[in-house]
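Novice: The structure is given below, and queries will be raised subsequently.
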Amino acid sequence: METGNDTQLSEFFLLGFSENQPQIQPLIFGLFLFMYILTVTGNLLIIMAIIVDSHLHTPMYLFLSNLSFVDICFTSTTVPQMLVNIHTQSKAIPYAGCIIQMYFLLLFSGLDIFLLTVMAYDRYVAICHPLHYMIIMNTRRCGLLILACWIIGVINSLLHTSLVLQLSFCTNLEIPHFFCELNQVVHQACSDTFLNDMVIYITAMLLAVGPFSGILYSYSKIVSSIRAISSVQGKYKAFSTCASHLSVVSLFYCTLLGVYLSSAVTQNSHATATASLMYTVVTPMLNPFIYSLRNKDIKTALKILLGSVTRSRSMDSPS
């Protein structure tokens, strides 16, 4: 079989939920539009609350505002394209569009992992070395940590994308997913994918297991420090500072594990696609609720923000 590179003419078909009955497609469209609006609105409120309240101009909330921004971008990479496909009843996505979507998916999913790891380190310093917290987590170091997250994310995305660009795609191809997932795209190629598979495996080990190990180490030290606190009130106060982050980490990694297990246990690609909705759509939507419900500082800042918006509207409205 001839395996010429016809990528300039090819397009992919994102099957997604195409097997669902046509009469429920409007329901799916409405559901994901609602979830997308909720995700963007919730994360924007978190960012604006942190900007408005000067008490939140600390390293922890700097990282949180970056995480909220990344979550908005992460969801915006997939959901709008899915909504367009459902609305137009077209599953096609151009080759270039698929590559671009895949690049930003890799970038923002990687940034999610790296920022959660940096936030775990921040909580470790705050609880285990409270007297030196502001010295260790100074503005310069926080900026360098965020910059490092972006640099590693960009390099990882460029590496995978450049390798995919070397592959040959001979015909129009169907991807049993609602976005251009790296592994699915690679295995639709008609050329040798050994190098791609090896790089995917190695980077997954380095960029997933490594940060996760860092998070586990940070929390093992945090637990040891909390246990050493004599008063119950002190233990509660120390734990409450990292409860929201721990909830977000648990949700993120549990959904990733669910996607991995669903793909390993079942050969049903649509079940895997449905499971992947958890970390691409549901997790970014729930993060603002977790932080706003479990964090008193965020609650207070949101009340101030929403209160100022309400007052400005009442002043602008005619009497």
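In case you wondered, yes, glycine gets a Cβ from its N, Cα and C as well.
Straight out of TrEMBL:
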TRANSMEM  27-52  transmembrane segment
DOMAIN    42-291  domain 'G-protein coupled receptors family 1 profile'
TRANSMEM  59-79  transmembrane segment
TRANSMEM  99-121  transmembrane segment
TRANSMEM  142-159  transmembrane segment
TRANSMEM  198-217  transmembrane segment
TRANSMEM  238-261  transmembrane segment
TRANSMEM  273-293  transmembrane segment
Novice: For the transmembrane segment (142-159) and the transmembrane segment (273-293), decide whether they are in contact, meaning at least 3 CB pairs lie under 8 A, counting pairs 6 or more apart in sequence.
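Specialist: Stretch pair does not touch.
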Novice: For the transmembrane segment (198-217), give me same-chain residues lying six or more residues beyond its boundaries with a C-beta closer than 8 angstroms to one of its C-beta atoms, as numbers and ranges.
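Specialist: Answer is 110, 113-114, 116-117, 120-121, 152, 156, 159-160, 163, 182-183, 186, 249, 253, 256.
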